[in-house]
């Protein structure tokens, strides 16, 4: 006959596990929020500097930033297990700052009302899908794969449209982009829940590394959803 576990000990273990799970959630979503704050601040500073004529935002600068951003995403995605947690966090913040430079274009092209509306729409949509991904019992792996294939298609279509400059195609790209990143938000939120549930079986540095990667993925979901919504709602400045 198996000995019965002390109810008090069981309750304490359950409470300790809940605290650990919440700590992982706070870590990941906290770093994601920090990344968004850095990007927003840098975007505002760059846009303000360009508007006042104290800084010239050339196409060369944007290309350098974009190339650096791609390199950083690959570094974080494929070398995350080799990085120290603080190094991974630092690279994420550098990425967020560089992305802020490229996002400043939106502040220069679209009016503030469009930016605000798109931001609140993004925040609400992101929150709803993050909650759904966290609480649903359904496996969202298939949804994640479909959305990732859609993102690859969006990248190809966007590159083609750089030369075609077809407004109809751009509209399709934006709507498909919104759908893809709505789905990815739910999928990535579910991956965060899985990491939080497994945290007590992993060492702290591994949880921190994977947490930074999770924060980056959620950050990218939010930013891309925001970019597509800005274009859909967009009223260009004259």
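Backbone N, Cα and C define each Cβ position, glycine as well.
Summarising the annotation, TrEMBL assigns transmembrane segment to 28-47, 59-80, 86-110, 117-136, 142-162, 169-187, 207-230.
With a threshold of 8 Å between CB atoms, the same-chain residues lying at least 6 positions outside the transmembrane segment (117-136) that come near it are 182-183, 185-190, 192-193, 218, 221-222, 225-226, 229-230, 233. Between the transmembrane segment (28-47) and the listed ranges 59-80, 86-110, 169-187, 207-230, the one holding the most Cβ pairs under 8 Å is 86-110. The stretches the transmembrane segment (86-110) and the transmembrane segment (207-230) meet in space: the count of Cβ pairs below 8 angstroms, excluding pairs fewer than 6 apart in sequence, reaches at least three. Residues 88, 91-92, 94-95, 98-99, 101-102, 105, 209-210, 212-213, 216, 220 of the same chain, all 6+ positions outside the transmembrane segment (59-80), place their C-beta atoms under 8 angstroms from a C-beta of that stretch.
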